């Protein structure tokens, strides 16, 4: 066991040649009191090593933070992690060894040496005892950990202040999200992550990336990099951690077992396992359905001759059909009862039936986010915490009650939550934080009245105070598998609520001195209805429009997930199992989703394509647009990888993780250039010019139409030139302009008209000739942020 003591970069000395031979321990040196050294010689941070090192030492501390013992470990095949700096107001980070580079290169200590270098302990007081530990310290490991398949063997470094910045957006995909951690870590070596977004599993990855960036100097990316390996570790309840994260409610457990029984098995084997799980999970319904057939068999057995055997056969057939009907009835009963009552899902994300001590999805994610952010044991990480560190996070969710995609966090303050409902979906400390942080704002009698009438509902915290975990979970609510999240709001289209609001206003006018409590007792309360929030991928599975700007100052990368295209086979080199356009024509062609025309499966494929087209056409259209397609790296996967495969073996997960790293490496090479921050990358230079061409080409059409429509006279209407423009003074029908603003509007409208006249001068196609295709159009669309940014 090791203590959680922070090792400051400032406390690290100039390091001598590494030690060789058996693992030694330095005794008699107080923790955190290493000898002083020349600050210029202090090493930079170095993270985990997966190969034998010839120039590293590891400083480790015992469990007791007050203990004054230290341990100096020789190089191992694994186990060097960065020196970590503490940050005011943060809890002590998780234990890790502190690896630092030696300025001396190859060791000049002989194997089995028992003397510590004078440069580290000038007094000569430090002695080395091979294989021993200091008093109070735990046992010294002597066997290096086994590296999982595909685990990189090179040392990973994350600079404290990268020269470049970027944004990242990640697609939803349930277990395909194992691709993202090392892809993000690869980017983090070169870029500081400024804005991160995603949907569903991509929202989990985005939240983890944002937390890791917040905890960059506390080993956040080390934690993120280990994630693919951690989720394939054996769970206390058996199976992998990934599989055990999804824990059904007790009444939904039979359906979940049937749903997952065939995973990893194809053809008849998978069908058989699913059938057995259905029979055993719904055994009572199976027996009930078989009962009429069994009765027929018993009665037929008392007969004679051919009629006897015909009756037995008919009874067996009836029993089998009855079993199928019984199982179907049992499944429908679960789907019509426990699933809707739990929030339209089998798993809530919290501990469920047969957890066996294994962590469930939401508590596990909460712990991971807190650890990556360096906030273990502290208040939940919020969007305000991220913003304070210069990190923006956005996730997509879907309000099924209003048929509306919504980006989080939002500025909207109309939503309330039920603490009891939230405690069934989130850890206690998260719900308690939400209760204690209602939206701030100006004192308002109506707001106070509404909050009083809403009790026991509580107002949802404003964006800065909203825990990141809540927005992430609201984005990851895969229909039927994971329950939706209920929030509550008042529907003012309902005449009852309009009447209650009017009554409150009348009471306020007639009782100006009345308290909110008196008003709440006197007027009818407005009715709160549930708004169900489900998976963000229902409307936008890859929100590539996040963080978009006409002229970007930093690249916004997107990671897409797709099946291997026709004619493309999986390569042993995982880097080759991804695609990043390197020419202006790359990525121009849309993907084809071929539909078979024969067999029962063709109907299912057709209906699946209907749903996929309805929910993904906007994303698909943007992915081929110039200025978008060149910054999207596509990671391919096959049927056994990602998706709903909750039971992927460790080698498959490790392969996907390595594939993500390889795809991200392509992005870095193309966009960052050979000397990041000094030499422009060819992809970034080209991308910026493409964005200028597409923006001005779209603006060309918009400016031309503005001038034409402005000058048009429409019978029976007030001309635009009388509403706004030089000398305009006609009465405005609505949305009046404040004092001094109409003159400014008139002046600027005249400036727009002058710009349009100059824009139309020859050559008229200056911006459009040879512009990238397909050409974009500038148009007004609804904002997925309901509060409006």
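Note: Cβ is positioned from N, Cα and C throughout, glycine not excepted.
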## Note on the structure
In TrEMBL, of the candidate ranges 237-260, 309-332, 333-356, the one given as transmembrane segment runs 309-332
### Query
Quick one: which of 193-197, 198-202, 203-207 does TrEMBL have down as motif 'GXSXG'?
198-202
### Query
DSSP on residue 200 (active site, nucleophile), three-state: which is it?
coil
## Note on the structure
Excluding its own, the Cβ atoms lying within 10 Å of the Cβ of residue 535 (active site, proton acceptor) add up to 26
### Message
Across the region 'Disordered' (757-789), what are the DSSP residue counts per state (helix, strand, coil)?
### Response
3 helix, 0 strand, 30 coil
### Residue pair residue 200 (active site, nucleophile), residue 535 (active site, proton acceptor) - Cα distance, angstrom, rounded
6
### Task
Looking only at the motif 'GXSXG' (198-202), report the model's average pLDDT.
94
## Note on the structure
With the cut-off at Cβ under 8 Å and a gap of six or more residues from its ends, the chain residues touching the transmembrane segment (282-302) are 254, 308-312, 314-327, 329-331, 333
#### Entry: Intrachain neighbours beyond the region 'Disordered' (757-789), with Cβ under 8 angstroms and 6 or more residues off its ends
396, 404-407, 410-413, 540, 543, 584, 624-627, 690, 693-694, 696-704, 707
#### Entry: Chain residues in Cβ proximity to the motif 'GXSXG' (198-202) (below 8 Å; excluding those fewer than six residues from its ends, i.e. six or more beyond)
169-177, 180, 395-396, 475-476, 478, 535-537, 540-543, 559
